[in-house]
Ligand SMILES: Cc1cc2nc3c(=O)[nH]c(=O)nc-3n(C[C@H](O)[C@H](O)[C@H](O)COP(=O)(O)O)c2cc1C
Ligand SMILES: CCCCCCC(=O)C(=O)O
């Protein structure tokens, strides 16, 4: 199967080296999105519609990009690794390589429910960490994952709420994509059926399609650690999540992998931030590709940003050292952007520093 890339797509996002290093079905699973992949592309394009309005003659000799998003420890930059399933398909060290690189760079790691390394083994790297949770119809599975995350000293559980089922991923359908046979969904090692540990369909069928904000309330009550909610686009859902007890919101459209035609996540951010009104931190992902994007999202109200596919491409290229060097690069891009923007610290990245107005028309 070949996926054609028009010139404009390549201009939007050059094909990563990983495209030539991975088996096609694996690359397509990582790179692909839902249906026509319009939301995927719109996420990246959205950043072009917001422009910096830099300030000058501000003291920027020293730039401090550290930030704190409770209950995580202080991070060297407002960056977390987004939860991404099956990282051992990208490199044999998979999740451990990314977690170790994040720890070395004092960034946080969000472990996926569908990781190919157990949540306990990821915790052993001592990276600042959160556990991403898919809720299962069998509540005992969900409860067990929450308690395991708490015992392994994860700072919070991030419940993904935009995937009652997975999106219509045409590339995966065409490739009949499956987890390669040497890997398994190790967080479910205790399940009696071998089939469930290795088959995407069997596990995804167990995801609870009935969950509501009442269930979030239920999990908030039973969880020993805070609950965050990931996958919010509508401001009213952000408010409902806070009322249900969520301690943070992640504005995200899952990198365009769920409902194609959804609003670019960046365009959804300001209204969610306004509705949340400083009650809890609002984090952001979907389409972040460079330090300038990170700073735009912060200016638009995000407390921190989750990095997605670019982390996987670095992992494919060279494991832990490449991921670490990618983190160093993006941090340097953030520093340069802050300096040129006249914002020496994260709290100085205020909303007036980004505008949607076309300045050439003024
Ligand atoms: C290969 C892959 C696997 C993912 N797995 C998960 C997951 O297990 N749980 C989850 O909440 N989000 C998952 N996501 C979504 C990411 O957390 C994040 O929202 C998305 O990658 C952001 O878009 P971007 O990569 O275009 O920046 C996955 C994304 C990718 C690309
Ligand atoms: C049963 C395994 C499915 C993993 C899906 C992970 C995910 O959220 C994604 O976007 O892919």
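Placement of Cβ uses the backbone N, Cα and C atoms for every residue, glycine included.
Model, not experiment: these values are computed from the prediction.
Of the residues 112, 137, 184, 204, TrEMBL places 112 in the same FMN site as 83, 84, 85, 160, 230, 252, 285, 286, 287, 288, 289, 308, 309. Cα of residue 254 (active site, proton acceptor) to Cα of residue 308 (FMN binding site): a distance of 9 Å. Closeness to ligand 2 is met by 85, these being the binding-site residues among 85, 132, 169, 252 whose Cβ falls under 6 Å from the molecule. Closest in space to residue 132 (glyoxylate binding site), of the binding-site residues given as 160, 286, 288, 308, is 160, taking the CA atom of each residue. Filtering 85, 134, 169, 252, 286 by Cβ distance to ligand 1 (under 6 A) retains the following binding-site residues: 85, 252, 286.
Here FMN is bound by 83, 84, 85, 112, 160, 230, 252, 285, 286, 287, 288, 289, 308, 309 per the record. The longest Cα to Cα distance in that group is 22 Å. Sequence-distant neighbours of residue 134 (glyoxylate binding site) (same chain, 6+ residues apart, CB-CB distance under 8 A): 113, 114, 160, 163, 207. Long-range Cβ contacts of residue 252 (FMN binding site) within its own chain (separation 6+, distance under 8 Å): 82, 162, 230, 231, 232, 233, 265, 284, 285, 286, 306.
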